[in-house]
Amino acid sequence: MVDYYRESYVKRTLGTSAGSLLHIAFMECVHHITGRLYYHIQLVVNNCLMLEGHSIGIADTIADQQAYDTIRSTIGKAKLEVNKVIERAHRDSLDPSSGNSLRQTFENMVIGLLNSARDNTGSSAQRSLSDFNQFKAMVVSGAKGLSINISQVIACVGQQNVEGKRIPFGFVENSYLQGLTTVEFYFHVMGGRESLIDTAVKTAETGYIQRRLIKAMKSVMVKYDGTARNQIEQLIQFTYGEDGLAGENVEFQSIISKFLTDDVIRDLYTNESLQLLDDEWKQLNNDRLNLRQIFPTGDTSKIVLPCNLERLIYNAKKNFSISNLSPMQVTQGLQKLTQRLIIVKGKF
């Protein structure tokens, strides 16, 4: 669970994403309380901007000398690596990757080296900027811009592409702050024109696609039998969202018990005063085995559940403050609770 008392308030925590402060406040409090919270947050932010302001100047785009030395050495190493790949291709010692021709393998290797050089130089430049740098603050907070923008302004612009393919000699190693050479500027304009055209065309296309989707799906609703149907009773889904869960209640959670060893579980849940709870220990082992079968890849960092278990337990501890329960009472209460749960299985 995110500790919002110590967390920085950025777009990820204040925005409309799952698990944000807005989402949790809406789940835990009524909607008008959430509205008041965000109204006061806006007041604080607006008054802070009136007092402090926010502007970016040339000074915010200048890194320290150590960062520039790292940038030059990184670009130099990338050039050497690309030359080695070219020599291997000339000697016919380059092995094609699976599903790709020799030419495609060569292009992928070159593009990967050049893009990694741009990203690494950008990381060095961003680390050199202080936390009070306005350019960095704008990117880190999520207000506008990405890390790649810092990289291109301070470190190097990077490889230029047209129609998804690398332009020969199109690697721009200068930054926007340093200025581009005539050849670099020419290749940069080639990529820039394509991106402008794509943006203009995609805006019209995606807008029309969205309009058609809205018109086609505006009559879809969940009926009393749990199915999703349109106005002429055509079946769209047997269960809303294929799982029947309300989207606002679904949250990403992390399950740690899958990774616990036998010794850890025994230390956590058994001691001399808990010998009578051997059945509970066995149940925990069975639950762990079931989790390992359900998630064979091992990634349980983002499990989608309609109820946040960690926050539910935290609120119960905070609101009731009961500390005199014996382990037997806790175990028996847990068993009674699971027996009272109503599980509705889908019928397809």
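Cβ atoms are placed via backbone N, Cα and C, with glycine included.
Taken from TrEMBL, the feature domain 'RNA polymerase Rpb1' covers 10-61, 87-178, 179-245, 253-347.
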How many helix, strand and coil residues does the domain 'RNA polymerase Rpb1' (87-178) contain under DSSP?
48 helix, 13 strand, 31 coil
What mean pLDDT score does the domain 'RNA polymerase Rpb1' (179-245) have in the model?
91
